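According to TrEMBL, the protein has these features:
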- 77-98: transmembrane segment (TRANSMEM)
- 110-131: transmembrane segment (TRANSMEM)
- 173-194: transmembrane segment (TRANSMEM)
- 206-224: transmembrane segment (TRANSMEM)
- 236-259: transmembrane segment (TRANSMEM)
- 280-304: transmembrane segment (TRANSMEM)
- 324-346: transmembrane segment (TRANSMEM)
- 374-392: transmembrane segment (TRANSMEM)
- 398-420: transmembrane segment (TRANSMEM)
- 503-523: transmembrane segment (TRANSMEM)
- 565-589: transmembrane segment (TRANSMEM)
- 568-618: domain 'Cationic amino acid transporter C-terminal' (DOMAIN)
- 595-613: transmembrane segment (TRANSMEM)
Amino acid sequence: MGVLVDSQKEGFGSSWGGLKNLVRRKQVDCAHTKRLDNPQLAKELTIPHLVAVGVGSTIGAGVYILVGAVAREHSGPALSMCFLIAGIAAALSAFCYAELASRCPSAGSAYHYSYICVGEGVAWLVGWALILEYTIGGSAVARGISPNLALLFGGENSLPTFLARQHFPGLDVMVDPCAAALVLIVTGFLCLGIKESALAQGIVTAVNVFAMLFVIIAGGYLGFKTGWTGYEVPTGYFPFGVDGMLAGSATVFFSYIGFDTVASTAEEVKNPKRDLPLGIALSLSICCCLYMLVSIVIVGLVPYYAMDPDTPISSAFASNGMQWAAYIITVGAVTALISTLMGSILPQPRILMAMARDGLLPSFFLDVNRHTQVPVNSTLATGIVASILAFFMDVSQLAGMVSVGTLLAFTMVAVSVLILRYVPPDEVPLPLSLQESIDSYKLRHNSDAQMINGENPAKSPGDPCLPLLGEKNVAVDCTVVEKLEALSSFTAGTLDEENRRKIASWTIMLICVGAFMLTFAASNLWFSSLIRFTLCGAGGLLLLSGLVILTCIDQDDERHNFGHAGGFICPFVPLLPISCILINVYLLINLEVATWVRVSVWLMIGVLIYTFYGRRHSSLLNAIYVPKAHVDEIYRSSGAML
């Protein structure tokens, strides 16, 4: 915007109220917003640290079990294709994360991006859902460690008494001291510092990767020795057809969840524009390669229909005379669970801190230790809650709730990329303390505008006009004409730009509606054929139309200056983000009804907290929105530039 106007639309006026609070957006972190009293995290992480965090958070013990269940029920020998397709689908979200993480390298991950691009209401729901994801996910992982750890001591009940699970018949509760202790130990490591915790996770992850490499190398040797009997089945490579393979891909997709942990550490990365995209890409690539190689080997050792769904890898080696390999595989499973536990607890304190920075949560979560530069209060609160849940509750039934937070975050990150490219925020919230500077700057700017229109703001209406007799100031006259022509041209250009932004905004919204209609109708078989085909056709038409419109119109020029310019650029926009939205919405729609009921209760609690606390304490409560083009000048005039 080139002129300052005194209207709420253009940003000068009272703060937004009512429902408009839900769509108010915060500013990308810059030199203006980094105050001395705003605690910052230590910039210690490099690419190796990020790869350790990403791989450790992604590869869990599920791969040691998942290969058997998916091969038996969905894919058959085509298991590696399932992991490849799921990896490609996860890469769509990874591309979107990479661009936003490099442009907006601050704590909070998807919550932070949603707050900048979409609005406060959606950002709160994303952050609240991520809190649920990491809490339940960490507790579920911790509960799975003790049974695997017991196998190393000789059996299910071989742990020492003070660590073994105990059942209380009267309360019908199975407590797990080992799980609670492990959560507290991991929490202690995370309080030491981000570099130390990343190093610890790297060591544990290395042990897990070596175990998987053992499976690949030893299994490959057995496969060549036995002739790969698993591939010599009469049903062929696709016994369940392409549909079965795609269903298996949807199942193993969740084994790639975890690379977003890398984005949550963005504020602690030394060179975020370079290291964050590389860290995300390398983590996902390594995980995909390991998954595919393990699946290729295992389905070749044993026919898919003969696999043990509970211990597929151990039983495959045992059937070939390598019973001792079960110990190595168990070590891999234990270390995988421990690294996943660290990856589950690591992001949540940073999300809590980011929400507290924005005033949506109490300032208790904002405290950063001066020595370790870690959000200690948030980390301790996360660890204590997770350890209590792991001690008292069997949260395996709640594990499906983890997927909601992840898929919701993936969806909003893809939407944020579309907004960044086509309708980036053109207004910036400034604190109420700058009201005097804003008024002064607006007065000067309006005076300049009056000068362009041939008016003299310093002269009262009653003052006589004293022209220069017999002279004509050609230079001044030409300058006024040129300014009027420039102003007219600018006004016309602004009108066209406003229309483009309106079209892009409506198109992005209709794309989201179309993705929901298409996936909802395709997933609900209880609809009549007419209704299903109608909704699918309408949703598909909205998606296709949105893709065509966004492809034809220009992207916003301000996208080049958004955030930390010069970082990773997501390719194939708008096709890639739209595909990401479609895939994630489809997976959300296909979650169980019981999962959605539980998540709805959690989200309603979040709505109440936001209504009675977050909305009233938001840092944007009294913010003044001004056109982005004038922010630097206003800060300079106020002397607030750091």
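Keep in mind that glycine also has a Cβ here, set from the backbone N, Cα and C atoms.
In this chain, the transmembrane segment (77-98) lies close to the transmembrane segment (565-589): three or more C-beta pairs between them fall below 8 angstroms, excluding pairs fewer than 6 positions apart. Counting same-chain residues at least six beyond the ends of the transmembrane segment (324-346), those with a Cβ under 8 angstroms from any Cβ of the stretch are 53, 55-61, 63-64, 134, 137-138, 141-142, 144-145, 148-149, 151-152, 182-183, 186-187, 189-190, 197, 200-201, 204-205, 207-208, 210-212, 214-215, 218, 258, 261, 264-265, 311, 313-314, 317-318, 379, 382-383, 386. Remote same-chain partners of the transmembrane segment (206-224), defined as residues 6 or more beyond its termini with a Cβ less than 8 Å from a stretch Cβ, comprise 55-56, 59, 63, 290, 293-294, 297-298, 300-301, 313, 316-317, 320, 322, 325, 328-329, 331-333, 335-336, 339. Same-chain residues lying 6 or more positions outside the transmembrane segment (374-392) and placing a CB less than 8 Å from one of its CB atoms are 41-42, 134-136, 138-139, 142-143, 173, 175-177, 179-184, 186-188, 190-194, 344-345, 348-350, 352-353, 356, 364-368. Within the chain, the transmembrane segment (398-420) has long-range Cβ neighbours (under 8 A, six or more residues past its boundaries) at 92-93, 96-97, 99-100, 103, 109-111, 113-114, 116-118, 122, 125-126, 129-134, 136-137, 140, 254, 257, 260, 508, 511-512, 550, 559, 562, 570, 573-574, 577-578, 580-581, 584-585, 587-588, 591-592, 594-596, 598-599, 602.
Looking at 173-194, 565-589, 595-613, the range that has the most CB pairs within less than 8 A of the transmembrane segment (110-131) turns out to be 595-613. Cβ atoms under 8 Å from those of the transmembrane segment (595-613) belong to residues 121, 124-125, 128-129, 132, 360-362, 398, 400-401, 403-404 of the same chain, restricted to positions at least 6 beyond its ends.
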